[in-house]
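Taking it in order: structure first as structure tokens, then the write-up.
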Amino acid sequence: MDCEVNNGSSLRDECITNLLVFGFLQSCSDNSFRRELDALGHELPVLAPQWEGYDELQTDGNRSSHSRLGRIEADSESQEDIIRNIARHLAQVGDSMDRSIPPGLVNGLALQLRNTSRSEEDRNRDLATALEQLLQAYPRDMEKEKTMLVLALLLAKKVASHTPSLLRDVFHTTVNFINQNLRTYVRSLARNGMD
């Protein structure tokens, strides 16, 4: 049973990160990648399965009870709202940081992501290197994890704006980077909201 909980937790973390990155990109005023973003939105898994109308007849003739599942769905809906609100807030924070990202850094990252022979690990390293460069130049008036998260999301936005065809690649690279490096912070945000 513990294994199932752990696997579900990882899948849930991935869905939360997907929703966070997607919500951030949706909150951006830049429409140059809107079509690609809409297409990506149709491919993303939902946070929780939809149990609406799921009423199965059991072998004993009774209807199955999904009160627990209904509660999970309701919790997930409120969780989705919380994550979307966090994404909107991070996009607002990102707007104030947007101009601090050098176009040359975005161009270089876009070129690296465009190279299809590079592994996902290489892409994560490329994103990490770009973030390290930005973090060195950025003032420390915000906690490091929040700064890293906002800058990673901003880099995804900037690359997608620069080259809309890279949206899917930069989205998945950003989700993987966040899940590998900022998972605990994102879990905390999802649990506590934006404090």
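Here the Cβ of each residue, glycine as well, is placed from N, Cα and C on the backbone.
According to Swiss-Prot, the N-acetylmethionine annotation covers Met1.
Among the features that Swiss-Prot reports, phosphotyrosine is placed at Tyr54, with the record citing a large-scale study or a structure entry.
Per Swiss-Prot, the feature phosphoserine maps to Ser78. A helical conformation is recorded for Ser78 (phosphoserine) in the three-state DSSP classification. Listed in sequence order, there are no same-chain residues at least 6 apart in sequence whose CB falls under 8 Å from the CB of Ser78 (phosphoserine).
Taking Cβ pairs closer than 8 Å, the motif 'BH3' (86-100) reaches residues 19-24, 26-28, 134, 137-138, 142, 146, 149-151, 153-154, 157-158, 189-190, 193-194 in its own chain, all 6 or more past its ends. The motif 'BH3' annotation in Swiss-Prot covers 86-100.
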Practice problem: Take the motif 'BH3' (86-100) and count its residues per DSSP category (helix H/G/I, strand E/B, coil), listing them in that order. | Solution: 15 helix, 0 strand, 0 coil
Exercise. Would you report the average pLDDT that the model assigns to the motif 'BH3' (86-100)?
Key: 91
